[in-house]
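J.: Attaching a single structure in structure tokens format; questions to follow.
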Amino acid sequence: MSSSAGKDKEPKVSSGTKEREKEAKAVGPVKESKDKDLKSKVKDAKEGKRDPVGAQAGVAFSLDNTIKRANPASGMRKKASNAEVIKELSKCREENSTRLDLAKKSIHMLPVSIKDLTQITELYLYGNKLQSLPAEVGNLVNLVKLALSENSLTSLPDSLDNLKKLCMLDLRHNKLREIPPVVYRLSSLTTLFLRFNRITAVEKDLKMLPKLTMLSIRENKIKHLPAEIGELCNLITLDVAHNQLEHLPKEIGNCTQITNLDLQHNELLDLPDTIGNLSSLSRLGLRYNRLSAVPRSLSKCSELDELNLENNNISTLPEGLLSSLVKVNSLTLARNCFQSYPVGGPSQFSSIYSLNMEHNRINKIPFGIFSRAKVLSKLNMKDNQLTSLPLDFGTWTSMVELNLATNQLTKIPEDVSGLVSIEVLILSNNLLKKLPHGIGNLRKLRELDLEENKLESLPNEIAYLKDLQKLVLTNNQLTTLPRGIGHLTNLTHLGLGENLLTHLPEEIGTLENLEELYLNDNPNLHSLPFELALCSKLSIMSIENCPLSHLPPQIVAGGPSFIIQFLKMQGPYRAMV
């Protein structure tokens, strides 16, 4: 069994299985109706004739080699000439329009005649090639919205401080290395977008924008925020994600109207205690920082409905924190340093719908920890150090998705039968030797992943999983399959690669919806049942490294449709050809 060595490292994929599946999927479906020579090739194979191409056994490829030529680019907007832009300006003036849309016209320079359009309140210039704005834009004193995103602006003219009514300024995706000084003088601004520039600092003059409700400066290179941000008392959304912040000023606690605070993907080492003053906060993004703790005062943010602390250095939470956050329904503590569940007892999970504890160092799920978690539907414990499951495991009746992959589980309790709502069960990369008979009670199960365990057989009760669509048994020690597998008529994906199978049961022919079948690397599999020919939807089949001597190389090279046709002609189903 493999395990993650580094913090961001995913568990290894066994023996190239995932790569094989990727290659096989590239083949795509092969339609028998499109291949006029298919029957003759099968006939040649029966007579012992060799394919002149000399294709290797186990190599799948598409028979439909038609090259679809790309259509010439259509619908692209032509570069607007200066005359066309002037024409648009004239039309706007003549019609006395208050809205001018010059977006995506490949404009390099705005005509100075724009100064005459003093009536407009909205000007859209996004998606052009502007490197600067003419000072004459400052004449547009009635502007309320100015959209300049997706240009190449490096500065703004000082004349813009005449725009006393401007409420929304969009400067996303430009080449600004600083917030243009004139921006701080636009005191009527309520919305300011500066995302994806090259800004390194926010100046103290930010306090001159007291009406701001929305400030987005994400995806820049900002290392600190000024204390003056605390004077933005009307701020509702503050997005500073994807920057280089190590600390937040304590004055952030003065912004008590904030409901959405996004700080993810920074270098934050701590949070100020004053964050507890943000009593209206409903969304707090802290994932991918360097936090080793969160302040106890966070418990005052009782409106939080989502808390994501993924990929920090946190090993514990303040006792009672989660119990106080009664509206949190999604909690992500993945990729941290937890060695045990947070202290606080069952009440801390009473409102949780989704809990993600992936990639920590937890070796035990405490008995009764979810006794009050009546709405818990998704639990991700992947990549921890679990060796067993709690005795009350069978009481998790509301669980819909359960991921226990990459642990050290040696068995699944028989009372797994109590998980009557479960639809997705991931148990890959463990040490399981067998499955409990109770698995057959999971009647809603759609996906069951048991890859890379030590299974030697499957219980007959697996036949009761009538809704199962994906069954992954890759890299185990299976020698046979139960005949009841034929009852899984909704199955579309069946992974059996890297086992010790000696044969497939003829009941596999009843899997009428099967689309993907992986049999690769079964060294004892010498033949395929004729009944496989009945799987008419089969489009991906991986059989490399199987000694299937009864299949001629040219048939194997032809892909699933060739193999199915060959099996039909060889067996009792030739009348279907």
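Residue positions begin at 1 at the first shown residue.
From the backbone N, Cα and C atoms, a Cβ is placed for every residue, glycine too.
Take a look at what Swiss-Prot says about it:
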type	residues	note
COMPBIAS	1-52	compositional bias 'Basic and acidic residues'
REGION	1-53	region 'Disordered'
REPEAT	96-118	repeat 'LRR 1'
REPEAT	119-140	repeat 'LRR 2'
REPEAT	142-164	repeat 'LRR 3'
REPEAT	188-209	repeat 'LRR 5'
REPEAT	211-232	repeat 'LRR 6'
REPEAT	280-302	repeat 'LRR 9'
REPEAT	303-324	repeat 'LRR 10'
REPEAT	375-395	repeat 'LRR 13'
REPEAT	398-419	repeat 'LRR 14'
REPEAT	444-465	repeat 'LRR 16'
REPEAT	467-489	repeat 'LRR 17'
REPEAT	537-558	repeat 'LRR 20'
J.: Cβ under 8 Å to the repeat 'LRR 10' (303-324), counting only same-chain residues 6 or more beyond its ends: which ones?
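T.: Beyond its ends, the repeat 'LRR 10' (303-324) has Cβ neighbours at 7-8, 259, 264, 279-296, 330-339, 342-345, 347-349, 356.
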J.: I need to check the long-range neighbours of the repeat 'LRR 2' (119-140): which residues 6 or more away from its ends have a CB within less than 8 Å of a CB in the stretch?
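T.: Residues 92, 96-113, 146-163, 165, 170.
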J.: At a C-beta cut-off of under 8 Å, are there same-chain residues at least 6 beyond the repeat 'LRR 3' (142-164) that contact it? List them, or none.
T.: 98, 103, 118-136, 170-177, 180-183, 185-188, 193
